[in-house]
Amino acid sequence: MTDSIPPPPSPEVGYVPEPIFEKPPILTRVLETAEDKIREPLARRKFFQRLFLLDRDWMTRITMLMLIGAMVWGVIGGLDAYGFQSQAYDYATSGTITLTNQEIYSSITLHGLRMLFGFAQQLEMALFGLLAINAMGVKPRHKWALYTSVGLINASIMLLEGPFYIWPAFNDNYFPSLGWTFSSPLGIQGQSAYAIGPLWFLGWYALTAAVLIWAGWMLVHFRDWLRSRPAGAAGRLPVSLLFVFATVILIPITYGPLLVSTTWDIGTYYLGWGLNPLVNQVIFWMFGHGIVYVLFLIPVAALYLLIPILSKRPIYSYRFAILAAVLFIILTPLLGIHHLFLTALPTWATYTTMVLSFLIIIPSAVTFFSLWMTMKGVRRSQWEWNIVALFALLAFAGSIAGGLSGPDVATIGANVDLHNSLFVLSHFHTITILAIVTGAYAVLYAVFPLLCGRLWFSMWLARIHFLTTAIGGIIIVVCFEGLGTLGILRRQILFPNVPAVDLYNVILFAGIIVILVGQLFFVLNGFLTAYRGRPIVTSGLSFDEAIRAAARSTYVGSTVPVQDVPVQRKATRARREHVEKLWVGSVIVLIVVVLAAATPQALSVTNGITSAANAPAGSEYVTLSGQQYYWTVNETGPIRGTFDNAIVAYAGQWISVNATATGATQSLYIPFRSLPMVNVQVVPGSDSYALFQAPSTPGVYGAPDGEFDGPWFGQDAAALIVLPAVGASDLSAFQSGGGAGDIYNPPILTAASANLVGDSEGLFNHSIPGPTLYAGAGVVSFRWEVPLSSIGTNNYLVNVTSNDKNAQQQYVIDRNYTLPYPVGIYEITATHGLRLVTAPQSLRINRVINESVLLASGVYLYGLVSPVSYSYNPGGQSNGSTGSQLGEVMGLWGVLWVGP
């Protein structure tokens, strides 16, 4: 049987059969057909056609889709921040919160995820892809790889949200309360009391796949650019694309460790793999810190793109720009350990990371010096402060401000004072809001008219957007810094209700509202521009001139021409590079001086954490075992005994601590301000040590857990109880001395006039520990109550087992308003720990208890001084698919100080 020969093409038909091996794959053809069927009817509607640019090429359409997706996640992520801070505002002004702990802490987690990845990472992919393709002049290829990347990055955010109920019968508390910087073993079933569902891990897989696919897609086009140049042809990448290329290289280096860490977690979850939490955290932080630099290259690339265009000058030094890009690539993966300075990692690892953290100042210094020198001397007649220029200036200033606060958290000695405080968030949000976001907006205002073919609709909307972003961002950064300087912890909702803290939280809430409202003006302006903006005319314009034309639409009465002008450099390249070398040399000298000054304290801190120091004679030896959510304290020395959430020592006594943890990383955090601060991270599976001297003034010092360990993080707070070395004492010296500046010290009340009331968080008078009561020796009286109205979802005293919102209060009523938890007054003794001095009694709800007991001078504990086992499992919904929430919680206790 012979093969038939196809007939020649008919002139009438004009059809030439396509060889089967040249046809696109079947899947591609199916997807193309599906896309056409979806796009064509929508394109006939002006609204969709203008908004999604459905009549444009596929690269433009996908870029617009990514921009819209980024804005959607940005708005939702902003509302997450609003949700958390609205509760902080309520707690600051009224001492109450309305959302559940799970909802509050998950809002912080989702805020980070949606803003960093749904918004910033997707925005970076959209802008860098658009700039690279157009600047290199290559034809975009592999449409469906880019579509897949876009689909996966948006799907990943939804997966990371975890299981949720569209119409919850009770409450929806299965969103992830981990923090976007989740730390193993927190969240892993069988390893932690708070376990997350598997969708969380699948979300990280999807995110990693999305970004790696995009990086591969970009590399293909960089390769196409190299191949498209004629043999021997001169030419180099535009300076901004050096940093786009650096981003593409950094992505697999950054996201690879995330893939390893997530696989290890899920292997432990389902396959019973062995887990070393400290090593896992080291691997994760290669991603957790690296992603910040991946995103920080947005403003770097933006400024390298826009400053030369706006100033009509070439960049000051191309060679030093290459140096900066190379140093960013080399140093970024090596800095993650500076988030773990206070763990039991070897001294060589932490100290080396501190040195490297200072070295990354060099590429930043090179970058911003080159940019400044590029602008220096530009005539006023050749410069206008349009919105592109204003956002670029703000990104420039924000990058420098964020960089100046960076060495504080990158220095081991300073890290003791700042780690996990809101100062860290001030530094982080200086970079994210005032540098990354503003840099992205500078590029968006420059290229969006070129993307949609229309000039900006309203320059006034653009101005309002700039002002609200700048004002709101600065308020947020300043308030975070103020709170951090006071010692307030990040993710802390049950903060001390003192005037300074409350005021900062009120102003912070206002700042968040300002910046959120401002973004609505941008969204409105973007929509009106795409739908009703005047067409932009770019015919005959170069790329730089088109950018200037787009920027002019955001400025009133522009007089600066958009045309390029020839530039005659006054300084030779050798002269410029000599100046750069002098600048870099001076920066290096400064770094060496700072490192030399910081080294002794750095080595002292790390050696003190990794190994037990020789304690002086008469020291108190304390063994801490961190649980979720309390410390078990075992003491030997002049004081012997076992306590929960209380460390007891004599005034001026040295305290030697050996700390371990299970279930989650813990932290012994005593934020003294007039004494050396105590701050030690305790990672499960490793021992951490501390040696410090108790204050010389007797009193009760707050010691909250400094590491987030789940939804009951707010209740996880201990106290350092410093007894008088000799005889009895009152608290006058403690009060006059400000309690060593520890913001978490519980308030002091006179026992006779005190009225202790349990709140919905299971605390007395919104304080953890409860207020310190003071009385003279003799008959001591005070009153306390736990109202029935305080029993609810956020009160750990009753488990959540039903979807009925009234079930917890009904549980109490059915048991005659009595819960089986022992309460009373306990004397702290030097030889036997705690001794009950009142008759044993169970916790009574909705009844005023009048305590009256004869007490000698000394220090006592009152209330519920041991943890309560808690389980959140409404209707049996907690399981391996949704997650589980258990814990040992205590908060309804305090110190009774009986003086002479």
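Placement of Cβ uses the backbone N, Cα and C atoms for every residue, glycine included.
Bear in mind that TrEMBL entries carry predicted annotations, made automatically and left uncurated.
Just so it is clear, the model here is predicted, and its values are computed rather than measured.
Features reported for this protein in TrEMBL:
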type	residues	note
DOMAIN	61-564	domain 'Cytochrome oxidase subunit I profile'
TRANSMEM	58-76	transmembrane segment
TRANSMEM	115-133	transmembrane segment
TRANSMEM	145-167	transmembrane segment
TRANSMEM	199-220	transmembrane segment
TRANSMEM	282-306	transmembrane segment
TRANSMEM	318-342	transmembrane segment
TRANSMEM	348-373	transmembrane segment
TRANSMEM	385-404	transmembrane segment
TRANSMEM	424-448	transmembrane segment
TRANSMEM	460-483	transmembrane segment
TRANSMEM	503-524	transmembrane segment
TRANSMEM	582-603	transmembrane segment
Below 8 Å between Cβ atoms, which of the listed ranges 58-76, 145-167, 424-448, 582-603 makes the most pairs with the transmembrane segment (460-483)?
424-448
Under a criterion of three or more Cβ pairs within a distance under 8 Å and sequence separation of at least 6, are the transmembrane segment (582-603) and the transmembrane segment (348-373) in contact?
yes
Honestly, do the transmembrane segment (282-306) and the transmembrane segment (145-167) touch, with at least three Cβ pairs under 8 Å and pairs 6 or more apart in sequence?
no
Does the chain bring the transmembrane segment (58-76) near the transmembrane segment (199-220), so that three or more CB pairs sit under 8 Å (pairs 6 or more apart in sequence)?
no
Run the contact check on the transmembrane segment (318-342) against the transmembrane segment (348-373): 3 or more C-beta pairs under 8 Å, excluding pairs closer than 6 in sequence.
yes
Top partner of the transmembrane segment (115-133) among 199-220, 348-373, 385-404, 424-448 - counted as Cβ pairs under 8 Å:
424-448
Go through the chain and flag residues at least 6 beyond the ends of the transmembrane segment (199-220) whose CB is under 8 A from any CB in it; none is fine as an answer.
117, 121, 125, 128-129, 132, 141-142, 145-146, 148-153, 155-163, 176, 178, 187, 244, 248, 251-252, 255, 258-259, 262, 265-266, 269
Mind looking up the mean pLDDT for the domain 'Cytochrome oxidase subunit I profile' (61-564) in the predicted model?
94
